[in-house]
Amino acid sequence: MSLAGGDRPIRVLVADDSELFRELLARVVAAEPGFEVAAVAADGDAAAAMARALRPDVVTMDLHMPDADGYSGIARIMAETPTPILVLTANPTEAAGFRALSLGALDILEKPSATADLGEYGRLIRSRLRLLAGVKVIRHLRGLRERRDAAPARAARVEVVVIGASLGGPRALAAVLRGLPPDFPAPIAVVQHIADGFTAGLAGWLAQESRLDVREARHGDPLRAGRVLIAPSGRHLVLGEGVARLSDAPPVDTFRPSVTPLFTSAARQYGRRCCGVLLTGMGRDGAEGLRVIKDAGGPTLAQDEATSAVFGMARAAVELGAVDRVLPVDEIPRALRELTR
């Protein structure tokens, strides 16, 4: 049973301008004990008002609604009653959908097609809602400052940066990449846990948000200074000498792409010339890989708890002794600029 606390079910607010879809989603959500649809809303303003009045555990939000769209609804909810928000979109390749994540929504999922198996889709969306209902939402990325460990003595200039992120990652990635100059002297490779089909849209949005060359990785892509390669859905991203490689190897820690293969391949190829970064996310993916980078002599960074949507992956790495410095997300770009000089 999926409970938000004690014996209370997870209460979901559904926001969508289509009455038909609202009814369908309400049935799908409530099909399993432990979930309850607290209310439905037809636009962003109504969703914000209901969130303030009803205090649901999680909100599902359509983006394109008349009068007040999903973007304004998300902005109001995050300002007035911060609540975990799952964005539902009909177009996973649309970069504009990721604007919702920059406003504070935590996750994004494609709406079911007309031919979708609603039983399977129901299991998927309920698993996301269950996950999000347990997240303590922050109003802004900038938060209380956590103590930072002193930077280790640097023996070599960093020539490649690898980054791993999960829940809340798109917003954190945007904050990091926005802080880097267009002539950043190292390539960057990223694994972001996200629903299948969304990585191309994520790359497009990050390209708009930053001054870097951000693209979805292809097998054999050269690693170039100022280029950011995002692992595509369903394939591991690993680094060869000067090139990106995609792999269909089995999932690692249930993930494909997984952060750990990226980090371990970077450590193997670049050793102390590689910097590993773990951002916000749930679970342990990437923690062991970050320790491999540290053991190879490369510097390692982690996003702090105050600015993380979920301090899980980074916490696991800290507990392993794999992290040199724990930083607020808006201080990570400066650290990367210093390490690549």
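Positions of Cβ are set from backbone N, Cα and C atoms, glycine also.
As given in Swiss-Prot:
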DOMAIN    11-126  domain 'Response regulatory'
MOD_RES   Asp62  4-aspartylphosphate
DOMAIN    152-341  domain 'CheB-type methylesterase'
ACT_SITE  Ser166  active site
ACT_SITE  His193  active site
ACT_SITE  Asp285  active site
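On the structure: features taken from Swiss-Prot.
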residue : record              : DSSP class
Asp62   : 4-aspartylphosphate : coil
Ser166  : active site         : coil
His193  : active site         : coil
Asp285  : active site         : coil
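Packing around His193 (active site) is summarised by its Cβ count: 22 other Cβ atoms lie within 10 angstroms of its Cβ, all protein chains included. All chains included, 26 other C-beta atoms sit within 10 angstroms of the C-beta of the residue listed as '4-aspartylphosphate'. Under a cutoff of 8 A between CB atoms, and with a sequence separation of 6+ in the same chain, the neighbours of Ser166 (active site) are Gln192, His193, Thr280, Gly281, Met282, Gly283, Asp285, Val310, Gly312, Met313.
For the domain 'CheB-type methylesterase' (152-341), the model gives a mean pLDDT of 96. Over all protein chains present, the Cβ of Asp285 (active site) has 27 other Cβ atoms lying within 10 Å. Helix, strand and coil counts under DSSP for the domain 'Response regulatory' (11-126) come to 50 helix, 25 strand, 41 coil.
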